[in-house]
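These notes are about the structure you will find just below.
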């Protein structure tokens, strides 16, 4: 078997390693999936497959075709390793060992923990900051947007479908844009609410256009990445400049500085694209794990800053 498939592996490798889906273009993989579907995914064979499929797999939407792809992926990976080649990606993703119905266990768990951390900090913020604080409602909205994003990230890494992928990407973009809006309200909007409202409407329009283009025109991964990087850099620069200008007067802004620098630094982990360790832990999962304490630190900053603004507004009210 190895001798017969080796020329096919060499042929695919010769086409180029730059493709993100080298594995699913491999003739061995395609032939395996085709034969598996013919053998298992129709008629009585399909009924047999469904009868022995665990209920949690069917509820999660795993089909006979998905199972064929999964089994053939590992067959192809085995042949690559046997011939001494680098592990390929399949459909733009590294091969991951499934746990129950969870497609990417480490990333799913890390996303869930980020979501739980966000929920805990949201509850803490609500308990410690009165609703009369000038930034209360904006911070609460940001917390809910973040929580929603981590929910969809968990769902996406649990089960990768067109819908869950789009929701993960769109909700992540919403968090970045809302962070920019949060910064605008904090730095400009408290003195000029009309400016913040107009800027918020502009950001909402940008998000709508971004989602519409990716949904209705072309789901362009490169464009999505560049758009998020550009907005992320604006977010970084704006927060950092404001923190540097106010860190002596507002010591709690140092937490914010640490957060924005750490988030940009940790995002470099995404460049360390390597096959998953133990077929579970890849660079993306490590990045998600590393962001848990960073988000907690940012919510601590929002809490301290909101209490400071409340104290300041109360002092001004007494003077009036």
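Cβ atoms here come from the backbone N, Cα and C positions, even for glycine.
Residues or ranges marked as signal peptide in TrEMBL: 1-23.
What TrEMBL records for 106-123 (among others) is transmembrane segment.
The transmembrane segment annotation in TrEMBL covers 135-155 (among others). Non-local neighbours of the transmembrane segment (135-155) in the same chain are 107-108, 111-112, 114-115, 118-119, 121-122, 125-126, 129, 164, 167-168, 171-172, 174-175, 178-179, 181-182, 185-186, 190, 288, 295, 299, 302, 305-306, 309; each lies 6+ residues outside the stretch with a CB under 8 Å from one of its CB atoms.
Feature annotation from TrEMBL assigns transmembrane segment to 167-188 (among others). Note on the transmembrane segment (167-188): residues 135, 138-139, 141-142, 145-146, 148-149, 151-153, 155-156, 195-196, 199-200, 203, 206-207, 210-211, 214, 224, 227-228, 231-232, 234-235, 238-239, 242, 305 of its chain, located 6 or more positions outside it, place their CB under 8 angstroms from a CB of the stretch.
What TrEMBL records for 195-213 (among others) is transmembrane segment. Counting residues 6+ beyond its ends, the transmembrane segment (195-213) has Cβ neighbours under 8 Å at 170, 173-174, 177-178, 180-181, 184-185, 188-189, 220, 223-224, 227 in the same chain.
Per TrEMBL, the feature transmembrane segment maps to 225-244 (among others).
The feature transmembrane segment is assigned by TrEMBL to 256-279 (among others). Long-range Cβ contacts of the transmembrane segment (256-279) within its own chain (Cβ-Cβ under 8 Å, at least 6 residues beyond either end) map to 86-87, 94-97, 106, 232, 235-236, 239-240, 243-244, 247, 285-287, 290-291, 294, 297-298, 301, 305.
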